[in-house]
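Q: Take this structure, written in structure tokens, and hold onto it; I'll ask about it next.
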Amino acid sequence: MTPGDEEETQPLLRLPGGSAPRGRRVFLAAFAAALGPLSFGFALGYSSPAIPSLRRAAPPALRLDDAAASWFGAIVTLGAAAGGVLGGWLVDRAGRKLSLLLCAVPFVAGFTVITAAQNVWMLLGGRLLTGLACGIASLVAPVYISEIAYPEVRGLLGSCVQLMVVIGILLAYLAGWVLKWRWLAVLGCVPPSFMLLLMCCMPETPRYLLTQHKRQEAAAAMQFLWGSEQGWEEPPVGAEHEGFHLAQLRRPGVYKPFIIGISLMAFQQLSGINAVMFYAETIFEEAKFKDSSLASVIVGIIQVLFTAVAALVMDRAGRRLLLALSGVVMVFSTSAFGAYFKLTQGGPSNSSHVDLLAPVSMEPTSGSVGLAWLAVGSMCLFIAGFAMGWGPIPWLLMSEIFPLHVKGVATGVCVLTNWFMAFLVTKEFSSLMEVLRPYGAFWLAAAFCIFSVLFTLACVPETKGKTLEQITAHFEGR
């Protein structure tokens, strides 16, 4: 262990007697930052109601063919992958607060271009801009929240990132019922504009300010967020001021979090969640339901409810247990959904148009009605399982496990991995369903979920109740 290692494990923020802070403004600051994830949730969900509307449009109105619709759904993830790289650079150079403020610009610009679109290229350009903002927000918001939160509430506040994402998706679904795609894009400008106004009144994170030797500003930020500035001190100049170098990948405190962070992001996307959310209505049409848009809204509501439950129990149950349980639920639900497609493939006699508003107790007209409800149940179970663990926890752990001096680069790589995998899954999901058949695609997702459970049990540490410096010390073996 080097002197720099010792210095990095010293708590940056100390409280007298180990007492928990009492400040409430930390919740306001976390809410302001979480408006970024709300915005990118809306951007993700926007394609679900917009694509069917754009595909049904008759000339001379703007219309998407099958290929353009596929790119309209997937290109946002390419922009987000680039945004992850840019966000990793910004978060260290410009700071956490300014990075959040800057990401509001491409959000508003992207939705404005979509609103004014006269051709397909303008639509794709607007989606690319909103994707860029999604990548920045998905990186910076978890980092900002984890650095302003004290250990007792870090799991709760960190999980609110994913909660705001799914609320944004649900908002897009609900608004898509009453708004045309242009007005839906106008609505997309509201959350980032609100974030811009609120974040102007919030402080930079004390940890970042201390690494920039701005002790007075850090003290003021602590007083604002936690209601106390006593009992903490600026650490000596050490490893956190060196920046990232490839040689540091030999250190357990760097390469272990790298492996865990990248693997968590890959497994999150390989579960198939983004394909499900992007093409929610299409999937339910495949399952032969009358009102696929209603099914998508039901899925969104379940996701919001169970993500909220996960946020409430995160600091009690712990990250590791919820990840494992979430993975097990996803294995069973994806297997069941694959079984539904396997059993219903074939002739038109298997078609079942189920009205989701009809009472469950009504007598089925054929055996296929019961199978259709298997599809409803397995999809809802998958969403609930994902929301309880693999939805919020990879983002939360990403913001917790990396030491300060590599956080910008490391979180950038994790976000790049996440969004690049999201692009591959989203873009190729339709092709995968053609090659493997729908049941094969979902059974493949079940296999990845099994691997995710094994990885969690073997490699992922528990971080609940620990300071960020204690987590770093764990990886260093101290």
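Residue 1 is the first one shown; counting continues down the chain.
Glycine residues also receive a Cβ, built from the backbone N, Cα and C atoms like all the rest.
The domain 'Major facilitator superfamily (MFS) profile' annotation in TrEMBL covers 29-464. Feature annotation from TrEMBL assigns transmembrane segment to 26-48, 68-91, 98-118, 124-144, 156-175, 181-202, 258-280, 292-314, 321-341, 371-390, 402-421, 441-460.
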Q: Taking the transmembrane segment (371-390) as the first stretch and the transmembrane segment (292-314) as the second, find out whether 3 or more Cβ pairs fall under 8 Å, excluding pairs closer than 6 in sequence.
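A: Yes, the transmembrane segment (371-390) contacts the transmembrane segment (292-314).
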Q: For the transmembrane segment (124-144), give me same-chain residues lying six or more residues beyond its boundaries with a C-beta closer than 8 angstroms to one of its C-beta atoms, as numbers and ranges.
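A: Long-range Cβ neighbours of the transmembrane segment (124-144): 29, 33-34, 36-37, 39-40, 43-44, 46-47, 68, 71-72, 75-88, 90-91, 96-97, 99-100, 102-107, 109-115, 117, 158, 161, 185, 188, 192, 205, 395-396, 398-399, 407, 411-412, 414-416, 418-419.
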Q: Given the cut-off of 8 Å on Cβ pairs that are 6 or more apart in sequence, determine whether the transmembrane segment (292-314) and the transmembrane segment (156-175) share at least 3 such pairs.
A: yes
Q: Sort out for me which stretch, of 68-91, 156-175, 441-460, has the most Cβ pairs below 8 angstroms to the transmembrane segment (26-48).
A: 156-175
Q: Under 8 angstroms, Cβ to Cβ: which one of 68-91, 156-175, 181-202, 441-460 has the largest number of such pairs with the transmembrane segment (402-421)?
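A: So the stretch in question is 68-91.
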Q: Can you tell me which parts of the same chain pack against the transmembrane segment (68-91), counting only residues 6+ beyond its ends and a CB-CB cutoff under 8 A?
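A: Here the qualifying positions are 40, 43-44, 47, 50-51, 54-55, 98-99, 102-103, 106, 120, 123-124, 127-140, 143, 274, 278-279, 407-416, 418-420, 422-423, 426-427, 430.
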Q: Quick test of the contact rule: Cβ under 8 Å, at least six residues beyond the ends. What residues does that give for the transmembrane segment (98-118)?
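A: Distant contacts of the transmembrane segment (98-118): 33, 36, 39-40, 43, 62, 83, 87, 90-91, 125-133, 136-137, 140-141, 144, 181-182, 185-186, 188-189, 191-193, 195-196, 199-200, 204.
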Q: If you average the pLDDT over the domain 'Major facilitator superfamily (MFS) profile' (29-464), what number do you get?
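A: Across the residues of the domain 'Major facilitator superfamily (MFS) profile' (29-464) the model's pLDDT averages 82 on the 0 to 100 scale.
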